[in-house]
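Quick look at what TrEMBL annotates:
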type	residues	note
SIGNAL	1-24	signal peptide
DOMAIN	36-88	domain 'Inhibitor I9'
DOMAIN	116-586	domain 'Peptidase S8/S53'
ACT_SITE	ASP125	active site, charge relay system
ACT_SITE	HIS198	active site, charge relay system
DOMAIN	362-449	domain 'PA'
ACT_SITE	SER548	active site, charge relay system
DOMAIN	660-757	domain 'Subtilisin-like protease fibronectin type-III'
Amino acid sequence: MASSIFKLVLISSIILCTTLQAYAYTHALRKARKHVNFHHEKAKDAVMYSYNKHINGFAALLEEEEASEIAKKPNVISVFLSKEYKMHTTRSWDFLGMEKYGGFPAESAWLKGKFGDDTIIANFDSGVWPEHESFSDNGYGPVPSKWRGNGVCQIDHFGNQTFCNRKLIGARVFSEGYESKYGKLDPLNRTARDFVGHGTHTLSTAAGNFAPGATIFGNGNGTAKGGSPRARVAAYKVCWSTNDAGRCHEADILQAFDYAIHDGVDVISASLGGSNPYIEAFFTDGVSIGAFHAVVSNIVVVCSAGNDGPAPRTVTNVAPWSITVAASTIDRDFLTNISLDNKHHLKGASLNRGLPSRKLYPLVHAVNVRLPNATAQDSRLCKPGTLDPTKIRGNILVCVRRDGTTSIAQGYEAAEAGAVGIFVVNGQKTGNTLLAEPHPIPAASLDANQDEDIDEGEWFGKGGSDKNNSRQLAAYMTVARTYLGIKPAPIMAGFSSRGPSAVQALILKPDITAPGVNILAAYSLATGPSNLPSDGRRVPFNVQQGTSMSCPHVAGVVGLLKTFHPDWSPAAIKSAIMTTATTLDNSNLPIRDAFDKLATPFDYGSGHIRPNLAMEPGLVYDMRTRDYLNFICAHDHNQYLLKYFNRSSYTCPKSYSIENLNYPSITVANRGMNPINVTRTVTNVGTATSKYVVSANVSDGFNVFVRPSSLTFKTIGEKKSFRVIFLATSAPSHGFPVFGNLSWTDGKHTVTSPIVVL
């Protein structure tokens, strides 16, 4: 017999399965249940979730054969395996211009957006530490009447409502999908309390209170706060810890969407998603499906782009109805000064409190202190079981950073081997992104290119000596300090996932970039800052990195826009954020990536978020449900899918091009010497009587014309359409994208869209 699987099924709704789980979309669960053989005793318990509030379908444990049979039924849209996803600040809001010298400038988005007052922000993550001051309800009035999740506060297994308050207004648990694979959770742990810190960090970044005295090991002293510090928050726990990883199951995520829509939230922040090979089609991806239903219900969904960069086509959460966020640096670094005994001096990212003694310590290179059965490649990455403690004890160990955003596991290996400190040299995929991390021992993150003596090739290719291979190097590193006003910033993080979208390249993803490197925010007291089981330290604030951190920055800004413009659609809010972004750094030069190359829209989408300008964008590219349905028609050409997405009959237009989706960015397919025509429509949300003039260009090989070249408005809410025409000046080279931009300006507002010719 085939093994059971948890599947999600779409039957004019959904069925989802794990191990093997199935997703099915159904018009109603009672219809869906007919497709499962409930005469069999086992099948009576097959259904784990009933998506019956806004998303129709169910998640069930099914045999492979049962899932196949269900997929054949006439009302079933799709059946697919429930996949497992991963989980993807005192200075950052200053860097974004919302705060200056401890006060709020007149143009601050905080003032215009009333600090997100009474907007409800939901966080899909690992839960929340409710006692943290970031979630205190001091000074808050009654819970908004629009909140429909009253009485649900699953912070402990008794459902004790005292853990929630007028700030943290709800907490729900979704674990059936996780438990189907990893077994039942201890009832004491099956709560919305955050045991790993990730959810507390992201939720406080989106909407935490002003919390003075935020610091970690004396670094980053200041007041922590979220993007919408006066918003109400709700924690939806969909991610659970297995060893050192957060596991977020699709069945649980979809159920969270169903409840969040029912509960009446305004914004959903989801710092999670798949990675290669989990870049799925829109109709077999739980986040995409759930986000669609949320957006149709006027909820803005903000998702992380993923941490699988810098390779192209790695961006995830690419549905056009979601906001997809990349990660970049801010103008603050936590740095240690390093002195080598060859008179060279370096800087490394660090949170360390200093070495045991003020003296030089020998540097030992992991490749030279490996155990006999360990390969050079594994040992240079300081993998478990590769290092010889007898050769490391009392020295500073040098490792190359593994793929991903953290090197803390390497710090643990160094500590276990008796090292007094560790230097983590960035590898090829990290570039010059320096990550300050709460290692268990003094540590520094180093850019391999900043000094030839610390170059990976020198250290690991010549036996761990200086560049002349004449002797062993020794080093000392100081206590870490906080540096502000760093230039250039932002720089695109090496780990941030890149476009184009592997699902639909004609929709530019990511949409925007925001701070996601060395972000200080609230943390759980249930775990140490390194999140290692052996870490007995406890900190109320912690530094983390990833698109998980950039996502809630944007969600917080969305909260402000929701408060300032309560009548705006999710598409209008997305447009405001995208069309006011910048592609310049704080040196007024084009943004670069972690490899010192010019960044492109595949790295940052429309650019770096500018909240103050987003509050009053002038024009917006608006979309409604019909636009998304037309996109689905053109993308999949499956009329039947629309029965699920629209819940009623909808006739696809006979001719519709995805290039004409009213998206705030413009991506077109290369047609050689043939002209390319696309249309867009803008809505006036700025000055009632206004005239906008256009400018447009691409970098090479095309002339761009816009007709008409000016737009005149007489009222707020008035719409105007225009055509963009691309004419090749020479035979274009396929496979080499061309980038450009299109801007409308009335002298006060500038509304800019990136252009990509694939």
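Here the Cβ of each residue, glycine as well, is placed from N, Cα and C on the backbone.
Here the features listed in TrEMBL are placed on the structure.
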{"residue": "ASP125", "record": "active site, charge relay system", "DSSP class": "strand"}
{"residue": "HIS198", "record": "active site, charge relay system", "DSSP class": "helix"}
{"residue": "SER548", "record": "active site, charge relay system", "DSSP class": "helix"}
Cβ packing number for HIS198 (active site, charge relay system), 10 Å threshold: 28
Helix, strand and coil totals (DSSP H, G, I; E, B; other) for the domain 'PA' (362-449): 20 helix, 20 strand, 48 coil
Nearest-integer angstrom distance between the alpha carbons (Cα) of SER548 (active site, charge relay system) and ASP125 (active site, charge relay system): 10
Integer Å distance between the CA atoms belonging to HIS198 (active site, charge relay system) and ASP125 (active site, charge relay system): 7
PLDDT averaged over the residues of the domain 'Subtilisin-like protease fibronectin type-III' (660-757): 95
Within the domain 'Subtilisin-like protease fibronectin type-III' (660-757), residues counted as helix, strand or coil by DSSP: 1 helix, 57 strand, 40 coil
